[in-house]
Amino acid sequence: MASVCNTSTATLKSSFIPSPNSLGSTPKPSQLFLHGKRKQTFKVSCKVSNNNGDQNQNEVEKNSVDRRNVLLGLGGMYGAANFAPLAASAAPTPPPDLSSCSIAKITETEEVSYSCCAPTPDDLNKIPYYKFPSMTKLRIRQPAHAADEEYIAKYNLAISRMKHLDTTEPLNPIGFKQQANIHCAYCNGAYKIGDKVLQVHNSWLFFPFHRWYLYFYERILGSIIDDPTFALPYWNWDHPKGMRMPAMFDREGTALYDQVRNQSHRPREGVMDFWFLLVMKVQTTKLQLMSNTLTLMYRQMVTNAPCPRMFFGAPYVLGNNVEAPGTIEVIPHGPVHVWTGTVPGTTLPNGRTSHGENMGHFYSAGLDPVFFCHHSNVDRMWSEWKAIGGKRRDISHKDWLNSEFFFYDENGDPFRVKVRDCLDTKKMGYDYAPMPTPWRNFKPITKASVGKVDTSSLPPVSQVFPLAKLDKAISFSINRPASSRTQQEKNEQEEMLTFNNIKYDNRNYVRFDVFLNVDSNVNADELDKAEFAGSYTNLPHVHRVGENTDHVATATLQLAITELLEDIGLEDEDTIAVTLVPKKGGEGISIEGVEISLADC
């Protein structure tokens with residue numbers, strides 16, 4: 001691997017805010033914008049190059065409006081938290097070993113063609129912990145669909161200046177590609193801790209890592225245009241008004257536009273489809289599509305996320321290949337990425353074959369400005385979830401609270417951060433502009449079946465599993481550990497439907513849906529039915545354990561079904577019917593076993 005620098009360190013001095021006149025056709029911001037320049041000196045180590053030597057690359061409205069009026073007027077999924085005790089090897093996750101950062105991977109056999117490694121500080125042992133600067137006013141993140149022209153111009157200017165640094169100062173850590181590379185390094189196998197590859201997805205690290213990531217990104221944008229009040233927008237995909245690509249990102253020729261997107265999903269093409277997977281498209285009406293989406297949000301935020309471990313995901317065990325993300329990470333987070341990126345196998349503008357770029361793959365997602373708008377709403381869901389109440393609160397375990405990450409701030413200075421310091425957005429200096437949350441009113445109430453399915457006509461779970469492939473819809477019966485539980489018992493323990501050792505090729509998009517009390521003839525395109533329990537979805541990614549080359553990922557799917565059984569009138573039944581419906585890649589999915597258990601929540 002070629003060395004990028006002839007010396008171990010390089011000192012760069014820069015006037016890193018280019019002149020507005022150097023930005024070509026960038027729209028002019030209002031006269032409120034300041035165009036001052038700032039001097040900066042920082043030191044970095046150049047350790048790795050790519051194969052070509054290229055360096056670059058609230059006041060929450062709890063009861064919104066009538067559900068039908070929301071749709072007509074505008075014309076859980078996956079609770080994969082592991083409720084088992086923390087594994088013996090679980091521990092607070094330290095920041096990555098920057099000195100051992102290596103080439104990231106798109107697949108186990110294909111490397112990213114450039115280095116995703118961040119510039120390395122001179123002394124890795126003297127990186128301080130971050131302290132929040134003083135502030136006089138909160139940065140307020142607004143819904144992207146409601147942004148005015150002044151804000152759009154300001155945002156475009158900030159991204160333009162970040163991108164300009166890619167040409168003038170490619171090693172500047174606040175440059176556009178260097179910022180995008182953060183996601184690549186943390187998510188595609190570049191960083192290691194000891195001899196284990198670090199991965200911040202598919203576990204309880206997902207929410208806090210991305211919150212810190214956006215925090216520094218937002219401050220960089222504000223600094224680069226001399227506006228400390230600047231805040232990222234959020235893609236309000238949980239509301240019908242936001243269920244399209246935000247228009248500000250669809251202006252060709254601007255810094256916010258990314259030509260490497262799925263062109264069939266531009267704003268004029270129609271509303272977002274949370275269960276869109278490549279060539280598969282649900283054949284239903286726009287009204288049904290929006291209703292399904294709001295139902296999915298209800299399942300993700302309420303039914304299947306009654307407590308922390310299900311919402312955030314399972315504890316992270318370094319080097320463990322079992323994936324157990326929380327509800328929101330799987331849907332809607334994953335499907336929005338897939339929906340936005342190109343279709344894998346198509347040809348990109350540079351002639352390469354697509355892996356889903358940019359948004360459709362972890363390594364390249366940060367190269368699309370809409371990534372940060374998308375994750376702003378993901379982050380907002382953290383706050384909205386806690387506002388629902390009950391047992392919905394932050395994790396209290398010290399291994400989570402003391403986990404750490406590494407970032408550069410707006411001045412190009414390196415810092416370590418802890419999860420415990422990002423639990424309150426107001427202390428971090430930002431908040432979200434309130435928007436109605438109509439999904440709160442979309443608890444499925446219509447049933448797809450009448451009465452109880454005859455479970456005696458279905459094969460028992462022991463005769464169906466282990467399942468070698470899920471290439472067609474299957475139904476089976478399964479016994480419950482207890483029935484007719486009291487409300488106090490339900491409050492103390494959640495009834496969990498668990499699918500153990502799900503295996504699939506991690507390079508592929510996969511999805512299957514789960515229904516209770518229906519047979520294999522269920523209409524799987526109508527997810528706003530009470531019997532719909534949840535889904536499993538995979539976004540292509542690289543193994544957490546770098547030594548594995550078989551591409552097989554192992555996952556656990558847990559669905560909270562206490563509320564669901566009440567809604568469909570099965571809480572007094574000893575045996576229930578479960579139906580799995582493959583939607584994408586089912587022929588490559590195997591499942592070892594299924595069980596129902598009671599777990600502390």
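Along the chain as shown, the residues are counted starting at 1.
Using N, Cα and C of the backbone, Cβ positions are placed for all residues, glycine too.
TrEMBL does not curate its annotations; it predicts them automatically.
Record features (TrEMBL):
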type	residues	note
BINDING	H183, H201, H210	Cu cation A binding site
BINDING	H333, H337, H375	Cu cation B binding site
DISULFID	C101-C117	disulfide bond
DISULFID	C116-C184	disulfide bond
DOMAIN	201-218	domain 'Tyrosinase copper-binding'
DOMAIN	368-379	domain 'Tyrosinase copper-binding'
Checking distant contacts: for the domain 'Tyrosinase copper-binding' (201-218), what same-chain residues at least six beyond its ends satisfy Cβ-Cβ under 8 A?
93, 139, 179, 182-183, 186-187, 230-232, 309, 312-316, 323-326, 329, 362, 372, 375-376, 378-379, 382, 395, 400, 403, 405, 407-410, 417, 419, 422, 425, 428, 430, 541, 544, 555
Would you count the other CB atoms within 10 A of the CB of H375 (Cu cation B binding site), including those on all shown protein chains?
25
Summary of DSSP states over the domain 'Tyrosinase copper-binding' (368-379), given as helix, strand and coil counts:
10 helix, 0 strand, 2 coil
Taking the recorded Cu cation A site as H183, H201, H210, identify the other residues of that chain whose CB atom sits within 8 Å of the mean position of the site's CB atoms, giving them in sequence order.
Y186, C187, V200, F206, F209, Y213, F362, A365, H375
Other C-beta atoms that fall within 10 angstroms of the C-beta of H201 (Cu cation A binding site):
22
Those same-chain residues, other than H333, H337, H375, found with Cβ within 8 Å of the centroid of the Cu cation B-site Cβ atoms are H210, E329, P332, G334, V336, A365, F371, H374, V378
H210 (Cu cation A binding site), Cβ-centred 10 Å count of other Cβ atoms over all protein chains shown, is 25
I need the nearest neighbour of C184 (disulfide bond) among the recorded positions C117, H201, H333, using C-alpha distances.
C117
Neighbour tally for H183 (Cu cation A binding site), based on other Cβ positions within 10 Å of its Cβ:
25
If you measure from the C-alpha of H210 (Cu cation A binding site), which of the recorded positions C116, H333, H337, H375 fall inside 10 Å?
H375
From the Cα of C101 (disulfide bond) across to the Cα of H183 (Cu cation A binding site), what is the distance in angstrom?
13
Could you tell me which of these disulfide-bonded residues, C101, C117, has the fewest other Cβ atoms within 10 Å of its Cβ?
C101
What count of other C-beta atoms do you get within 10 angstroms of the C-beta of C184 (disulfide bond), across all chains shown?
28
How does the model score the domain 'Tyrosinase copper-binding' (201-218) in terms of mean pLDDT?
97
For C101 (disulfide bond), find which of the binding-site residues H201, H333, H337, H375 come within 10 Å, Cα to Cα.
none
Work out how many Å separate H337 (Cu cation B binding site) and C117 (disulfide bond) at their Cα atoms, rounded off.
23
For the domain 'Tyrosinase copper-binding' (201-218), residues assigned helix / strand / coil by DSSP
13 helix, 0 strand, 5 coil
